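Quick look at what Swiss-Prot lists:
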REGION    1-319  region 'Ribokinase'
BINDING   Asn195, Met196, Ser197, Glu198  ATP binding site
ACT_SITE  Asp264  active site
REGION    345-476  region 'Cytidylyltransferase'
Amino acid sequence: MKVTLPAFEKARVLVLGDVMLDRYWVGPTGRISPEAPVPVVKINQIEDRPGGAANVALNIATLGGQVQLAGLVGDDETAKALTLGVQTLGVEPQWLVVNDKPTITKLRVLSRNQQLIRLDFEEEFDSASSQALFKQSEAMLDNVDVLVLSDYAKGAIADPRAFIAKARAKGVTVLVDPKGSDFARYHGASLITPNMSEFEAVVGPVKDEADLIEKARQLIKTHEFSAMLVTRSEKGMTLITADEPELHIPTVAREVYDVTGAGDTVISALATSLGAGSTLAQACAIANTAAGVVVGKLGTSTVSRIELIGALASHQGESGFGVVSEDQLAYAMEQARLRGERVVMTNGCFDILHAGHVSYLKQAKALGDRLIVAVNSDASVKRLKGDGRPVNQVDRRMAVLAGLAAVDWVVPFCEDTPERIITRLLPDALVKGGDYKVEDIAGGAQVIAAGGKVEVLGFEDGVSTTSIIQNIMARQ
């Protein structure tokens, strides 16, 4: 299945559930305590990261989605640290403060990238607090397309059935990351995402693939779920619906470094993809890729759109060169700069490629290690050149350019000038051919402000697309 990323910024998601603070104490260890047979860790680094439902919200924000977050916290310093953590990515949380309970905290002690111990500071919230949270959050359902219930069995989602029904009645897709052995609590959800151990806690041991599918479909029927996605560690994921063939997606993780928060990443990628218009199958494939990225990181982490683009390109066998999207190009440029390569960019219509173009592009490539050619769309060329142009459609123009040895990447743009795309990409050098003045080149000021250079190269005299067209017309 060919996977393409949707416009994540279109997704509007409400995340409601058990929020917590993941705190890390990190330091070296070189001796055993004389008091007990345990290592002594000299702490030299302390880091706080949003966890649980808060990590789901951060993952959605990192991908570019619009996200609202609701959860239960205590009246303490930990709540302030958690608030600060989610605000770093523009998420304004809607907490319900429970004065007699602490904000849930998971403290992990690490040394040499290994977790030595985890200490949990928590008390389960009561059902009254949970129902108050649901009531406080009802109005938020009017402004979202997807609801994520992130359940860690800490009390924030005591009985969500009425809230799920209200969300579905408003046309909101409801995703649940479940906990515990009672899936009846999530009756009517659109999609539920148990891992294998959570699934078997409900249905008992699974003998084989057929048994898994049968038991999943029974749960779907009993609890009126639309679908179930069972995450299966090294075996990937399996998507089951009531009456369609199951879809198995193999794992894409190259290295498993830390599984902390992997489930959060899965459901956040699902929510953002579905909210942006992906099909369920596409959303599951995107979530699978995101999980493969995040398990290669230490601790509770997020996955960016650029990381997803790189992972998808790698798994789908794409070279990273030739005709690319803007997102693919942004990732490719990032990788090129990590290799110490200088990136040059130029732009134009390139309607009928001729010797003057080829000579110019060779000169441009000589100014760096990699050359980007941004190409005007068909509509843009028509606005600039008039009726009858372009002679060649943009796909054909880009294919010819991509075949030149001097050109590394070709990307289309639809505006009359390339200022927007240049401002986004900010190449090390921006090149234009002809008699332009540097100060008149679109995007030049932005490149210079970022520390880059802008240069003007000459075109070969007497050679142009217009003259070629005129010569052809004269011979007819």
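From the backbone N, Cα and C atoms, a Cβ is placed for every residue, glycine too.
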Request  = Across the whole of the region 'Ribokinase' (1-319), what does the mean pLDDT come to? Round it, please.
outcome  = 91
Note = Note: among recorded positions Glu198, Asp264, least Cβ-dense neighbourhood at 10 Å is Glu198
Note = Most Cβ neighbours within 10 Å, among the binding-site residues Asn195, Ser197, goes to Asn195
Remark   = Whole-number Å distance separating the Cα atoms of Asn195 (ATP binding site) and Asp264 (active site) is 11
Message = Are there any residues at least 6 positions away along the chain from Met196 (ATP binding site) with a Cβ closer than 8 Å to its Cβ? List them or say none.
response = Val206, Val230, Thr231, Arg232, Ser233
Key: Shell of the ATP site beyond Asn195, Met196, Ser197, Glu198, same chain only (C-beta within 8 angstroms of their C-beta centre)   = Pro194, Phe199, Glu200, Ala201, Val230, Thr231
Key: Cα separation, Glu198 (ATP binding site) to Asp264 (active site) (Å, whole number)   = 15
